[in-house]
Ligand code: SAM
């Protein structure tokens, strides 16, 4: 089958099937072989791997995955693409296409059924509207996944990788870094897609931790503290945590906890710090003191 990473081959398939792009499904198909190679390299796929692809489109990334992996499961929501995929993936007997909304798929059950519960890899040129929900679902539910290699908006990629003191640092950075190590493998300009998106994209590899890098008694409370701290970025941590509707601490309790956290971690005593300066370890310590 012709390499769909070559724009003329993608155009020929779209014409052959009289395909109409569905904006609501975030359809931006890749048309650049270098980017496809970068994705497969970043995913580090071997012949033992089972790969879950979210949103195969016309099968462009899928073809590359089929060459590299033992088996590929591709979940595509758009029914009009299923017959196209039958055609473009006809050369491969190691791929299964499922016509379903990935947000409705029980991925843990799928891993159990297709890979006897052994960890899989996830690869996707993500439809941007589900980037955060799908990543957070996979991470929080601790679905057996070794790593995910995902194309996403550049701005979201930068937020995932950001560290304290960086303007992109926020609740998403901490949530992603609690479960994985994010690494931006490539920046991808709009002209690598058809149609072109309005913003730049990036390929991110998230290597999932077997165990989180910090220990915390109640990670739900820690994430509530994180959310409250960044909801009011300009406020002090003290005010952010006292004014949150989801938390029920007095200003004195919060102040005392901040000072205790700083003492425990050998930091300078300052009750007026901002949440955006705190590391994951500091949030974990604060959470343990408040819990
Ligand atoms: N993988 C193809 C490529 O790189 O050329 C297509 C990528 S395109 C950005 C996103 C794909 O995800 C589209 O094919 C779209 O129909 C599909 N999609 C959108 N929402 C989905 C969902 N909830 N579940 C499964 N697939 C979805």
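The backbone N, Cα and C atoms fix where each Cβ goes, glycine too.
Annotation comment: TrEMBL describes 28, 30, 55, 76, 101, 125 as S-adenosyl-L-methionine binding site. Sequence-distant contacts (6 or more apart, same chain, Cβ under 8 Å) of residue 101 (S-adenosyl-L-methionine binding site) comprise 77.
Per TrEMBL, domain 'Ribosomal RNA adenine methylase transferase N-terminal' is recorded for 35-210.
Counted over every protein chain shown, other Cβ atoms within 10 Å are most numerous around 125 among the binding-site residues 28, 125. Confidence for the domain 'Ribosomal RNA adenine methylase transferase N-terminal' (35-210), expressed as mean pLDDT, is 96.
A simple way to gauge crowding: the CB of residue 76 (S-adenosyl-L-methionine binding site) has 25 other CB atoms within 10 angstroms, across all the protein chains here.
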